[in-house]
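The structure under discussion appears below in the form of structure tokens.
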Amino acid sequence: MLPDLFSFERRRVDLGPGAAILGGFALDQADALLEQIERLSLLAPFRHMQTPGGRRMSVAMLNAGSLGWVSDLSGYRYERTDPQTGWNWPPIPPVFLELASQAAQTLGFEAFVPDACLINRYAPGTRLSLHQDRDEQDHHAPIISVSLGLPATFLWGGLERRDRTTRYRLTHGDVAVWGGPSRLMFHGISELKDGVHPLTGALRYNLTFRKTR
DNA sequence: TAGTGTCT
DNA sequence: AATC
């Protein structure tokens, strides 16, 4: 039996029930994903949202889908239109939907059809503090998170804020999935370190797919 | 409601 | 790490 030089075992990190990091799961689609991010940013520009407490989020965001996650002084919620333009959020590109569905299926979540895709853009020095994704009505569907560009440290906590966190490195093409008993786990991203990625320069992008209802 | 941030 |  000759060794197969053209395939390799991809890293898979178990995060608990219904949750895992799928190493390099999006590598083949990464170019297409970045191309779509570029296109979407012309329709719904990246912006820094405000927290209900009046702080500016360091991470820049935009949405695709029939609903988009929005934060301002009034709170966190999903909106059909971009508050900045009054237009509908652009549709989720088919290449996004296909990837999200495949990643969900890998963890056993069948027929995952997200209605929201939040796109986060991290520059060096930016971060996303530990939080839960709990603004969705539907907590049965999983969360799918795709990493592109610069590597980051993923904080993976528990179901309560005080629970200890574990740190995992997320690199270009990794996909994290959490659903079922892990759906409301606290998570976050540590301050992004300086660096240069051949495809994104000094940036990291993250796609988060949610089924809000 | 709000802590997806900031301070100690 | 702990706090609000």
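Just so you know, glycine gets a Cβ as well, placed from its N, Cα and C.
Those TrEMBL annotations? Automatic predictions, nothing curated.
According to TrEMBL, the protein carries these features:
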BINDING   A:Trp69, A:Tyr76, A:Arg77, A:Tyr78, A:Asp135, A:Arg161  substrate binding site
DOMAIN    A:113-213  domain 'Fe2OG dioxygenase'
BINDING   A:Asn120, A:Arg121, A:Tyr122, A:Arg204, A:Tyr205, A:Asn206, A:Leu207, A:Thr208, A:Phe209, A:Arg210  2-oxoglutarate binding site
BINDING   A:His131, A:Asp133, A:His187  Fe cation binding site
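Annotated features taken from TrEMBL, shown on the structure.
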residue: A:Trp69; record: substrate binding site; contacts (Cβ under 8 Å, 6+ apart): A:Met61, A:Asn63, A:Tyr76, A:Arg77, A:Tyr78, A:Ala116, A:Leu118, A:Asp135, A:Arg210
residue: A:Asn120; record: 2-oxoglutarate binding site; contacts (Cβ under 8 Å, 6+ apart): A:Val59, A:Ala60, A:Met61, A:Leu128, A:Tyr205, A:Asn206, A:Thr208
residue: A:His131; record: Fe cation binding site; contacts (Cβ under 8 Å, 6+ apart): A:Phe186, A:His187, A:Gly188
residue: A:Asp133; record: Fe cation binding site; contacts (Cβ under 8 Å, 6+ apart): A:Ile143, A:Arg183, A:Leu184, A:His187, A:Thr208, A:Arg210
residue: A:Arg161; record: substrate binding site; contacts (Cβ under 8 Å, 6+ apart): A:Leu130, A:Phe186
residue: A:Leu207; record: 2-oxoglutarate binding site; contacts (Cβ under 8 Å, 6+ apart): A:Leu33, A:Ile37, A:Phe96, A:Ala100, A:Cys117, A:Leu118, A:Ile119, A:Ile144, A:Ser145, A:Val146, A:Leu148
residue: A:Phe209; record: 2-oxoglutarate binding site; contacts (Cβ under 8 Å, 6+ apart): A:Ile92, A:Phe96, A:Ala100, A:Phe112, A:Pro114, A:Ala116, A:Cys117, A:Ile143, A:Ile144, A:Ser145, A:Val146
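Shown in sequence order, A:Leu130, A:Gln132, A:Arg134, A:Ile143, A:Met185, A:Phe186, A:Gly188 are the same-chain residues outside A:His131, A:Asp133, A:His187 whose Cβ sits within 8 Å of the Cβ centre of the Fe cation site.
The Cβ of A:Tyr76 has fewer other Cβ atoms within 10 Å than any other of the binding-site residues A:Tyr76, A:Tyr78, A:Tyr122, A:Tyr205. Summarised by DSSP class, the composition of the domain 'Fe2OG dioxygenase' (A:113-213) is 3 helix, 44 strand, 54 coil. Each of the binding-site residues A:Arg77, A:His187 was scored by the other Cβ atoms within 10 Å of its Cβ; the lowest score goes to A:Arg77. Take the CB of A:Asp135 (substrate binding site) and look out to 10 A: across all protein chains shown you find 15 other CB atoms. Summarised as a single figure, the pLDDT of the domain 'Fe2OG dioxygenase' (A:113-213) averages 96.
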